[in-house]
2 protein chains.
Amino acid sequence: MASSSITLSQAILSSSSIARNGSSQTTTTTSLSLPTFYGLKSTTTSRRRIATVPTTTTRLSVPRASATVETLEKTTDTALVEKSVNTIRFLAIDAVEKANSGHPGLPMGCAPMGHILYDEVMRYNPKNPSWFNRDRFVLSAGHGCMLQYALLHLAGYDSVQEEDLKSFRQWGSKTPGHPENFETLGVEVTTGPLGQGICNAVGLALAEKHLAARYNKPDSEIVDHYTYCILGDGCQMEGISNEASSLAGHWGLGKLIAFYDDNHISIDGDTDIAFTESVDTRFEALGWHVIWVKNGNTGYDEIRAAIKEAKAVKDKPTLIKVTTTIGYGSPNKSNSYSVHGSALGAKEVDATRKNLGWPYEPFHVPEDVKKHWSRHTPEGAALEAEWNAKFAEYEKKYSEEAAELKSIITGDLPSGWEKALPTYTPESPADATRNLSQQNLNALAKVLPGLLGGSADLASSNMTLLKMFGDFQKNTPEERNVRFGVREHSMGAICNGIAHHSPGFIPYCATFFVFTDYMRAAMRISALSDAGVIYVMTHDSIGLGEDGPTHQPIEHLASFRAMPNILMLRPADGNETAGAYKVAVLNRKRPSVLALSRQKLPQLPGTSIEGVEKGGYIISDNSSGNKPDVILMGTGSELEIAAKAADELRKEGKTVRVVSFVSWELFDEQSDEYKESVLPASVTARVSIEAGSTFGWHKIVGWKGKAIGIDRFGASAPAGIIYKEFGITAEAVIAAAKEVS
Amino acid sequence: MASSSITLSQAILSSSSIARNGSSQTTTTTSLSLPTFYGLKSTTTSRRRIATVPTTTTRLSVPRASATVETLEKTTDTALVEKSVNTIRFLAIDAVEKANSGHPGLPMGCAPMGHILYDEVMRYNPKNPSWFNRDRFVLSAGHGCMLQYALLHLAGYDSVQEEDLKSFRQWGSKTPGHPENFETLGVEVTTGPLGQGICNAVGLALAEKHLAARYNKPDSEIVDHYTYCILGDGCQMEGISNEASSLAGHWGLGKLIAFYDDNHISIDGDTDIAFTESVDTRFEALGWHVIWVKNGNTGYDEIRAAIKEAKAVKDKPTLIKVTTTIGYGSPNKSNSYSVHGSALGAKEVDATRKNLGWPYEPFHVPEDVKKHWSRHTPEGAALEAEWNAKFAEYEKKYSEEAAELKSIITGDLPSGWEKALPTYTPESPADATRNLSQQNLNALAKVLPGLLGGSADLASSNMTLLKMFGDFQKNTPEERNVRFGVREHSMGAICNGIAHHSPGFIPYCATFFVFTDYMRAAMRISALSDAGVIYVMTHDSIGLGEDGPTHQPIEHLASFRAMPNILMLRPADGNETAGAYKVAVLNRKRPSVLALSRQKLPQLPGTSIEGVEKGGYIISDNSSGNKPDVILMGTGSELEIAAKAADELRKEGKTVRVVSFVSWELFDEQSDEYKESVLPASVTARVSIEAGSTFGWHKIVGWKGKAIGIDRFGASAPAGIIYKEFGITAEAVIAAAKEVS
């Protein structure tokens, strides 16, 4: 690999440039010495960095002809690059210092690659951070967010003004302690929990590859951007990143370029204490192209050449291992864990200013640096204008595709889409809600161009295949069934990336409900970052039977009901499954978890899509005056049991109301009047039944009510027997109803 | 790697045997043809298996001299081996068929390696499955549990009788749908959720290496066993397995030998649809020795030679990639996903019987096979007796070490250990509970020989370093600080393995509380499998401040309170932290989660270790007759707020009781009388305060009470400001108290 890298990168450097979009670059970069790529460093080599003075000076010889030419060639005067890089470093140092909180080490080490990305490589429009065809950037090592804030600030994003930098990590600021897409325009995804970002980047790159395959035409590459990512040692250690990287290699995501900030320091010290694997070899095993930039501190040309090389490799994602010094420039703290996650302290800030020759006040951006970066505003506007013109052409020629793509870009759902939702009557055949889910997915895929997804190797159990589409694969990226393999965690995080690529994407993903435990961190980020991912979670209780307690969710419904900004839906039959999908599709800024049964369930009288939208509603009632003798409540597969118990109790003369509690969150959002109409305060005789933990139900059934559930682990046996042994039965509901009423 | 493997394996085969324990083997195995190791298969090779007839016949030429000689040399007549292997296959086929549920494919493919392990390689005593020095076996691909049940049955374990095989996956049986250590003696760990088992195996191997380093003497290797594991494609795809495998390579766990069942089929079909990485190369990158057995179906000698080679490599774990055919023997279903997770069906069972020449009734074990395996009972007893004699010798010479080791083996805690717990008075300095936790850990490490653990790269934040010990590393395995790197999920699963190695191990592990989301699947298995792991979870609320919502737990307390068999403890100060450790140490069959503060907290009057043991208790009260005007409740860092509010309310003349609710689970276990003495039913004026989701609190505060908490995500700002902005204040408690009383 090493030798081929030398050849390829040097070949690119010495040849005339390869411009995107077919526009040719007339001047070639003159560099005094070519960057050299040596073989991969042995892991036993001493890791202490020696900051070397850059020996190459590359000048911008000709002003750029158009905003769309390959920017990589236009390197700036190295002194100005250095000044810009130090501006980034000191903005980070100063912000962390002022907050007395944060992580200066990464921005100081990664400033060179950050500068080259945002100033020379990436195509974006700072005044419209959501311009569709922009290059995406993900800081997977999210703790280094001051790097990103400094870059957004320099690039002219309105979201990060000087006062925002000065209020880093303060209440209400646009510069929180980790990058949050919902706080700061220009931040694509929320990162911080390690390893998530690289998976988001895989999702973003997947989305681009998919849309390009679906919508590009021989005469119009209307979808065409790169996805860049910076990840650190911590991201590399997390299993989730290996999962997504394996998929990225499998899918051949050639426009994904990840920078591995190889600084060899993590919070506990030198990474040698826990991380001595060969990352390079691992990524080669995963099917990536791997390049090593040995001098990430000042080797600007090395970084540039690596990016060029990465772009030239079109069938594989590229990992650029950039060896940097954490806290570069700090004479006493660089290359140590002490610069990772704490402010440098006034004394060391002074020493660093001296060491890097930085005479400026805190937060100062030198005029020449400011001026240099100021071109991104007009250039970004030009890039977008050019793309808009291109899209107008495209629209003329390919109106149908343009309309579809537009709906993905804008997130406007096609009108009348919800008419595609299937409906059922009590006479419709009994079926498992996982099967009913598949009917919904297949119906919706026809009307929602942004719906795509798949399962973590359980497609035939989760029932998630879209029958009219093939598999999204390296050579069939236009297809919509994504095969994630047994990789739940990265599946969720990849879907977050897809969701954040464009508002019209509606990614869904699936596994057994119990295995949400494997992907909970990604699901929480869906909830936190407003990603409307649909989690199709089947085998949702002891009803799965023989697989036993390792596979039987118990506490999972409660655990998601407790999580903010996520909808936990447990439909009972066909109409409720359709209702759950309606809610999930409409909630584009809130993920939905659909808990679905493995076992067959009858179509119940009284269920409805509209009912589901209210979260809790009456499916049957023989009382009058809003005063039933008892209210029975159930969700999902246990709603049938509640309905049966009601039938029996009514035979005995009781007035009984049956309430489906399909989504607690939606019910909570209803008016007090509605809530009172379903659960009158005066009726304290209430019984709930759910094949899961009773935790949380007391808020609904009250002190005088009774919650029937399972507060132990499950068991391996046929489902019917477990239900009986665990007392999840109509008899138990009847007995409880008599006890409380 | 491939060429060195050839050399080494052939060298071993052709040389005289290397026996363990120094006893030399006088006869060498004669094989007609040496197994050959070719270079690693290209991933593009066609994967269809061709069942080849074995060409080697190796005979047992000399009866074994002693139970302790290397069993690997004593290969059995190949016809009998084949018969035994088919017995295993059909026990699996028949059990799955009878249950009409289960996974026959893996046992059919892995029967040869299973046979060789349990019949020729592993050292165990079937009549005492918990004999300390036994070799450990983990079926990471737990769905193939019929393999393990068949092997335990043949080997003579009382836990799996013929009737147990016949009640596979039935209510109350010893043969549940996935292996469960708490149901079936002889099963070391609970597996099924993929990837967990290989991590458990890493934990078991770590435990062995650690104990061997601590207790072995030049004249007595009192700790000396291997850890074997079978993992499948699914395990390999899961990120958790990469995490643990990276650590195993880093730690140089030479006595860990993992078999990768390379059958190229997962539930969704051919693994090519989602898994095309080079697993071999990845494991080499992770520092493993890798061997490829190309014919895992009938290549018995290849398997034997690979194990020998693996044992000879002492400084690296070994991955033996064994290429098998899933469902080997089934003429119409082998090598397809249809044999993965469903019964073959009567017709295909018949066809398989014909194909493999198996004339017997279901569940039949041929007499010669039975007789062959029957030797394991006396041999196992002899192995244990020999070890016991060795231990008696050891005890004479090294009484102190022997006593320590014994306490680890038996799980008997040293008497008076709890006296080491630190105590505090209200005058003791305010401190963060994470720091108080470190005082406890360091005090306990002196008196509990089995206490060891570490953090996922946050040791200096979680405060988990044991100051009197160094790091457990490849060359210092006797030390007790384990450096897990940023690998939360495998950290938990490795600790499960350590806990299940010997009852006296008390593993602890640490990260930020919010990152329990990364390791929840492993924590659930701690709870399910009775592993008393101590989870030290710091930065337990918005109190961590500036890192913001990605790092601030909200729903996590609720999510663990909902999980069965796990103790969620949130101590408020020094005494409560000590109490939490007392509870955690005593609960050897129930994991504990300690939620600890980043921020300083005062030592509160009224807190106590004894109080913590009751889960909820009164820390102050100015009422009489068990009738306070209002009961204020808090946990952890908010108990101080409740106490402050009480002071204010008392000044205004109210009678106020303050209750610390440090562990809901423990409180639930108290007598009704005790509960009534703390929370009298007649007092409905109740206010709770906790910096987390209010989900679940209504069971305690009741309909008339008020739960103060946070039902949204957090924010990035200094902690004090977030508390104030979110209304987690004494003022809010006072206002609520006035409202409800």
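Note: Cβ is positioned from N, Cα and C throughout, glycine not excepted.
Those TrEMBL annotations? Automatic predictions, nothing curated.
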Same Mg(2+) site per TrEMBL - residue from A:D224, A:D233, A:D301 joining A:N263, A:I265: A:D233
TrEMBL thiamine diphosphate site partner of A:H143, A:G192, A:P193, A:L194, A:N263, A:H340, A:F515, selected from A:G114, A:G234, A:G543: A:G234
A:H143, A:G192, A:L194, A:G234, A:H340, A:E488 screened against A:I265 (Mg(2+) binding site), Cα within 10 Å - retained recorded positions: A:G234, A:H340
Chain-internal residues near A:H103 (substrate binding site), provided their CB is under 8 angstroms and they sit 6+ positions away: A:V96, A:H143, A:G144, A:C145, A:M146, A:H340, A:G341
Proximal residue to A:L194 (thiamine diphosphate binding site) among binding-site residues A:D233, A:R434, A:R598 (C-alpha distance): A:D233
Per DSSP, three-state class assigned to A:I265 (Mg(2+) binding site): strand
Against chain B, in sequence order - binding-site residues A:N263, A:I265, A:H340, A:H539, A:R598 with Cβ under 8 Å: none
C-beta crowding around A:D547 (substrate binding site), within 10 angstroms: 26
Other CB atoms, at most 10 A from the CB of A:H143 (thiamine diphosphate binding site): 26
Binding-site residues compared (A:R434, A:H539) - the one with the fewest other Cβ atoms within 10 Å: A:R434
Top Cα neighbour of A:N263 (thiamine diphosphate binding site) in the set of recorded positions A:R434, A:S461, A:E488: A:E488
Number of other Cβ atoms within 10 Å of the Cβ of A:I265 (Mg(2+) binding site) across all protein chains: 25
Length of the line joining the Cα atoms of A:S461 (substrate binding site) and A:F515 (thiamine diphosphate binding site), in Å: 13
